[in-house]
Each structure stands twice: as C-alpha cells, then as structure tokens.
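Novice: Provided herewith is a single structure, encoded as structure tokens, for subsequent inquiry.
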Amino acid sequence: MNPRLPYVLLAGAAVIIFILSCMLLSRGGRSPSCESQPSVVEKTGSMSQSLVFADLTPEEMSQVVGYLQGHLGVPLVDASRAKPSDNCIASVDLQVPGKAEVLRFLDGGGARPPREALAVLYFGKQPEPNITEYVVGPLPRPAYHRDVTVQKYGGKVPYHRRPTLRGEYEQLRVFLETKAFAAAPTFLQEVLEYDGTNVAFQSTVPHGFQSGDRVTWFVLFQNVSGFFVHPVGLEVLVDHSSLDISQWAVSRVFYNGQYYRDMVQLESAYVQGRISVEKVRKAPWDGDFSSMRPRAPAAAQFPVQFEPQGPRYSVRNNHVLFQGWSFAFGMSVSTGLRLFDIRHKGERVAYEIGVQEALSVYGSNCPGGMSTRYMDGSFGLGRYTSPLVRGLDCPYLATYVDTHALSDSLRPEKRKASLCIFEQNLGSPLRRHYSNLQSLYYGGLVNSALVIRSIATVGNYDYVWDFIFYQNGALEGKVQATGYPSSSFLHGDGLRYGNRLWEHTLGTIHTHFVNYKVDLDVGGVKNSLVAHDMAFEMARAPWSPEQQIERPRLTKKVLDTEDQAAFRLQSKMPRYIYFAANSKNKWGHQRGYRIQISSFAGDHIPEASSMERAISWARYQLAITRRKEEEPTSTSIYNQNDPWTPTVAFADFINNETITNEDLVAWITAGFLHIPHSEDIPNTVTVGNSVGFLLRPYNYYDLDPSIYSNDGVFFTSEQDFTACEINPLACLPKTASCLPNFPPFTYDGFRNM
C-alpha cells in the first residue's frame, strides 16, 4: 500500500466537504420564488359580455362546415385539394353582429345577439362560377344560412376575383416544374443547374391588366434560406385563367433583360447561342449572405423583464383588464388582430379598432417586380399569423394565447401562441419633475403600458402588430415591418429602381401603406370633429405700445362634412384633430380624443391608374365618415385579383354627408417608403420601420388620470426617501429580489407544416 494514499483520500474528502458546504450555504441564501398577488378582480358580466366579439371556436367552425356540407345541395371539396373547377369552402370566420344590436346588449340590457359565422365559398363547378358569402347560425347548432353577397356587394362576385388558394399555388408549381420547364431542359440544366429541387418561386399580383385576367408572373430564385434575395434572372408568365388546369399555358418568358414568347423560344435561343447568359454563383443551402444564423457566439444574456408580484393585468377568454383599461380582442382571417368595446375608467372610448389592409407597391425593371401591388388582406393577415417565439417576439413571461382559423381547409387549424399580452416597463418616465427652485421635491410615474401583439408573416415580410395602452388614457396602434426585402435580378438600368444588395440582387424600391379603422365613441356614440391649430398674430405690447410682439394663438374649426374631413396623403392637416363629445369637462371644454398619426409614407399611386380606386383609401392620411353597417371595411379581399373593377372602393364612402353629432369612424393611413440598402441584408430591421397612430385624451378628463396610478412616486428633501412607505422604489431591493419562474422554452411553429 502506498503510504501517501491515506493523505490523498483525506485531502479529497476535505475538498468534497468544502464544496458541499458551499452549495448548502448558497442554497440557503437563495432568493425565494416570486409570488403572485391576487388576480385582478373582474366582473363576471363584463367577461361574458365580451364573448359577443369572441372568435369562433374550433367546434363552432366544424359545425358550420358540417352544416354547409349537408344543406347546400352541392359537393364541397376540401380547399386544400380543390381544383379551380370545384366547389369549396375558402374560409369561415366570425360574423360580427351589428353595432346597434350589440350596444343594446352591452348597455341597455337587451338580448344577446345570435352568434353567427361568415362562410366564403368558391363555386367553380357551376354554369356561372362565382364567389358566395353565407351567414350561418345560430351557433353552436346552425339551423339557417342566408346568402349576403348581393346585400354586401350589390351583386354576385365574379369567380376570377377569388383570392388564390394554397392548392392553386401548388397546382401552378406542378405546372411549371412538369410542363413549362420540360420545354427548356438544356437552358435550365446548364444555366440554372436545375435538378427539380433547387428553384423557388414567388408569384406577383394583381394577375394581369384588366378585369377577368388571371395571368401571373413567377419569379425564380435559388431554393435556399432567405431565397427572396437570390434571384436567378428567369421569370415566367403563366395564364391560369381557365378552370381546366390542362389549358394553362406560358404566355411570356423573361431572362436577364430579354423577353421571349415562351420556354420553347428561350430554349431555342440558348441552344443557338443568342442569349446573354449571366450565371449566378450557386449558394449553399443556408443562403450564405442571406442566412439569419448568428455570425457571433453567444455571450452575456440580454436583459429580461419580469413581474416580481405576478401580472397586473387579467386575460379571461377574449377580455383584458389593465389599470383602468378593458377591451375585447379577436383575430380576423383577413385583417388580423382587432379590438372591441375599448373602455377607460369604465367608459367606452372606442367601439372597434383594427387593421383594414397592408399595401405594398413595387418598382423594378423586371416584369415581376414592376407589376407587383400586394394587398396583404387578400392573402390573410390573420391566416398567416405566426407562432410567437417566447423571449424574442414577446417578453418571455408574457401571456400567450392560441388562436384558431379555418381557411383553405375543411378543418380548423390551431395556431399555438400566436398572440401575446404583456405589461412593459418602457424604461422612461411617463411624466416627472425634479424641483430645485423654491421647494425641493421629485415626482414622477414610470411609463408602464400594456401591449397586445400579433405578428403576421405574409411571404417575405413580417408585420409586428401592436396595440398599446398607457396609464394616461392614451392608446397607440403601431406596426413594425421586418422580414426579407423583395428583390429583382440586377441588370441594365436596374439601379433606377433600388440599390444593389449583392452580386446579382437588386433591392427594389417599394411603398408600405397600412389602413386602420378606428370607431371612436367619445362620451357616447354621437360625436363631432373639431380641429385646433395655431397661427401667429401681430400685437402691440400693452406696456410698450411702440413695440410689436408676434404671438401664437389658438385656431378652432368644426369640420362638419366628410369632404372637409378627408385629408389627402401629403396635404397639411390640423395638428390637433379630435372627436368631440356632447359633454364638457370641469373647465367647460368639450371632452375629446385626439388622433395623432406617425407616418413617413411614400407617394400614392397616381389616381389616373386603372387600379387606383381599389386602393383609394391610401389617398388619405385621415378620412372621417359617418358610420354605416353597409361600409364595414375600407377594402375587400376581392380587390387584389380585380383592382380594375373593385368590389369595394373606399372613395365612394366620402360623399359630403354631414358629420356633426353623428356616429363617426376614422380611417387612418400610415406608411413608409422603403428603398432597400445593404443593411437590409440578411433582412430588414424594425428600427425606423415603425408607423401608426395615437389616440390621446384631449380635455376628456379634468386632469391627467395617471395621477391616480399606484405606480406614482413623490418625495421631498425633508422626507426619508429610503423608506418604503415614503418611496415605493426603495422597496425594490426587497420586493423584486425574488426569482421569477421561467417556464421551459417550447415552440410549435414547425408543426403540421
């Protein structure tokens, strides 16, 4: 036996004892877990009343599908497998009841409105194919359906206006790969190294130049991560207007600045050496420069926000309470996140707020790029709502809500964690003052606000949709744009239409316009529109008449017609414009809510354009109209594929009707011009790409309501500001020293793809 062995064993035992002692001591000093305060008290009535706005449940959607299958007398094919010549259900969504009926229920003790669904059906297998909309009810056990198409749109909706189903896009992909490409095998193999898997397609809209067209440019990219910025120079125009897929045909081809009649002519020209070939370097599967894989190793963890005493808001079904605010929320298939019955301090300030449309108009010297005008509502801002990543898309400890949708299928689809709600400390004061004159004191209030968020990924773009509730009674609607820029193949005079982003990649100039519907009810349903602004006036100084003073004064004007309240996009608008109630505050002023828009929009498409009426809402940064049930939306999902004969033309809403003491709606447009630049690689950041609006109380209260917030701080030089009872900030070392309970990270975004 080695004589040193006992000493070695003793030394080892001592080390182990020391380590265990340290672990026990550290565990004993570990901060306790955070404990939640009692939940926010919510009246049962308000929670149940909000269900009048609640999205359809999966069970209700299935009931509607089953009812339609059994009562229409025609076969309905699953939309995911339907051919254009089939009948199918395109979508099922909530039919929101009429406002008067809802208000009788919410405020007057009236009956609960019947719960109904709106079903959009494509009838391709009929002598006159058409789109029909049915209201189906009552739910959860449907017993009737009624065709509301003519009532809503003044006539049947032609079949060519139908939004393109995912099944039709798949059929077009198969057509391109099996029929169109078969006509140019040499060109595809030698120029693109085409192997059947290494090409991705992006389609353009609208489909042609006149009503009835269904002709689409398909732009080809390398099929790699971030393919949107990997154009290969080839674009193919497909005529798929026929309901018989076998009749689809290529009607034009574009390659590297040259146009060809079809793929046969392209192949012939290539084989004969009459094509200028610009071969694109093959990118690795991760996209190389377009990869979003971090270029740096992980380091110190970024800051994380937590609630030491649990959430200070409540979410029950579709109803939210926070610091005097309450509202109901929902998710429309076409327009995405929307709010109803928004109240502050128990009083309704808005009946409905939601997105109407997101528009992008592109420029390029390639056919696909120059003809693109995306109206994303037709694709579905709710349909393409993304599952949210905990800790990045929203704070880690936010409340995550699942949503359900039925579109392009006979079965409801669950979108796990596709909406989040959280309180956010914005890291700055909502208001404050430090006094070092006369008396010495500090007073302030942290700017902590509630955010409800969803993110829609429509093709290359990701839109972050926020509604933010502040403690002073202000409400903000905001959208931030990120994702990949769309691109064209760089050739010829391409730099007239954007910046070069990579060797063959032109980041194409485009506009973004977002339209919101804001149905304010300030102090009641009936409001008027008032504008306040300023003007300088010249005056003699009363104490020195020989001297002149230029002083600003208040200007006031009541805007009493829709024409007066329609402000063109780049025109000057009164700086203070507000919905005025028929009641006054303590100081004799009409109570109001002001509309403040944040936007740096590009130019609107010229009104001489044949498609401009379909997007005529974008003429106006703000337009106020009388609220009408027959004008529920500023656009239609059918405008995208037939903008030349729009199903809904917003310009027709503005017809000089009086808007004094009426139920009014504000249609707000915010936007920005995007000229992609090298920093948009690998993809676009949200910083600087954020627009929206604020609704701010304007003489609505007698003083700032946030003075009643529990978060207020005030102490003087004569007080012990280190004491909790004087200064709640002094309590933080104790109240916020707990350890938050972080649930395990999960993500369901890649399921059932």
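Any Cβ shown, glycine's included, is placed from N, Cα and C.
Not measured: the values here are computed from a predicted model.
So TrEMBL lists the following for this protein:
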- 7-26: transmembrane segment (TRANSMEM)
- 76-144: domain 'Copper amine oxidase N2-terminal' (DOMAIN)
- 162-257: domain 'Copper amine oxidase N3-terminal' (DOMAIN)
- 305-707: domain 'Copper amine oxidase catalytic' (DOMAIN)
- ASP376: active site, proton acceptor (ACT_SITE)
- TYR461: active site, schiff-base intermediate with substrate (ACT_SITE)
- TYR461: 2',4',5'-topaquinone (MOD_RES)
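Are these features on the surface or tucked inside, and what are their neighbours?
Specialist: Applying an 8 A CB threshold to same-chain residues 6+ apart, the list for ASP376 (active site, proton acceptor) reads GLU357, ALA358, LEU359, SER360, ALA456, VAL458, TYR461, TYR463.
All protein chains shown were included, and the count of other CB atoms within 10 Å of the CB of TYR461 (active site, schiff-base intermediate with substrate) stands at 24.
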Novice: Using DSSP, what's the helix, strand and coil tally for the domain 'Copper amine oxidase N3-terminal' (162-257)?
Specialist: 31 helix, 29 strand, 36 coil
Novice: Looking only at the domain 'Copper amine oxidase N2-terminal' (76-144), report the model's average pLDDT.
Specialist: 97
Novice: In the domain 'Copper amine oxidase N2-terminal' (76-144), how many residues does DSSP assign to helix, to strand and to coil?
Specialist: 9 helix, 26 strand, 34 coil
